[in-house]
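S.K.: From Swiss-Prot, here are the annotated features:
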type: BINDING; residues: SER65, ASN116, GLU161, ASN168, TYR192, TYR244, VAL262; note: substrate binding site
Amino acid sequence: MLVYNQEELVRFVEEAKQYARYGKVADYIPALGKANPNELSIAIYTPDDEVVSAGDVTVKVTLQSISKIIALALVLIDRGEDEVFHKVGMEPTDYPFHSIAKLEEKPAKPLNPMINAGALVVTSMIQGGSVSERLERLLAFVRRLAGNERISYSDEVARSEFETAFLNRSLCYFLKQHRIIDEDVEELMELYTKQCAIEMTCIDLARIGLVLALDGRDPHSSEPLMPLDVARICKTFMVTCGMYNSSGEFAIKVGIPAKSGVSGGILAAVPGRCGIGVFGPALDDKGNSLTGVKLLERLSKTYSLSIF
């Protein structure tokens, strides 16, 4: 088993922090705009239950778009591939994650579940009789994956996003017009913004990454937390679409299945080897953590983590 050196990891974090001045926090969401752009932390979770970390890994980060991969896993378990991919595609895009442009082409279904339009469709498919019931089902799934029953969501961030989610509302109405979703838009927005506001530490993120790295199995008990096929689909989307419209560049430079969020979080899964959680709020122009990507690039090269 490869041993990760903590002193080396601390040095990598300090090196990557130097790039923070070139990034910017997601201030278009008021609650996220309060983040310290110079913050950077990482946790690596290995199959033998070892955690190596650097930076302040007690800081909680909201999942934002990282939640898309978890919601997709839950919906695939509930409804199966055929039903899910009847409503959302599988292809990557070079358009920004919030773009409506490709929806205007035939068919009108979103290109993939990692862009906002596709994620809204996936969230609309979470089973339950009310927003609170559906959110609780998702939270229960997240808690099992992370091995942490205390995980919840940030009401402040959820409220901030709900009040400013005008573009996502427009995506919902477009999707409703084309009969891809059929529920009340405000209820869907409430569920989606609370989903994005689920918060956890880098260690929790790394534990979820490890579950994916182990093909959906619990690292302690080997119990399947999701079917192997679902874990495989999730990791495939993480490679092709997980880093927005710079996923190709990330695959070449880092080569690890990963999903980012505009909070500055990154969830990564190195098949069979480890899960990684990163938090660095300074974003690049694509919405990915600038310092986090630099850190993962250094880590991948040092420990030969690329899957390619």
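Just so you know, the numbers here start at 1 and follow the chain as drawn.
Note: Cβ is positioned from N, Cα and C throughout, glycine not excepted.
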S.K.: Between the binding-site residues TYR192, TYR244, where is the Cβ count within 10 Å the lowest?
M.R.: TYR244
S.K.: Around the C-beta of VAL262 (substrate binding site), how many further C-beta atoms are within 10 angstroms, looking at every protein chain?
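M.R.: The answer is 23 other Cβ atoms.
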S.K.: Take the Cβ of SER65 (substrate binding site) and count every other Cβ within 10 Å, whichever protein chain it belongs to.
M.R.: 24
S.K.: Hey, what's the Cβ neighbour count for ASN116 (substrate binding site) at 10 Å?
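M.R.: Step by step: centre on the Cβ of ASN116 (substrate binding site), count other Cβ atoms within 10 Å, giving 22.
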S.K.: Rounding to the nearest whole angstrom, report the longest C-alpha distance spanning SER65, ASN116, GLU161, ASN168, TYR192, TYR244, VAL262, listed for substrate.
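M.R.: Taking every pair among SER65, ASN116, GLU161, ASN168, TYR192, TYR244, VAL262, the longest Cα gap is 19 Å.
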S.K.: Return one of helix, strand or coil for VAL262 (substrate binding site), based on DSSP.
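M.R.: Coil, per DSSP.
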S.K.: Drop a 10 Å sphere on every Cβ of the binding-site residues GLU161, ASN168 and tell me which sphere holds the fewest other Cβ atoms.
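M.R.: If we count Cβ atoms within 10 Å for the binding-site residues GLU161, ASN168, the smallest count is at ASN168.
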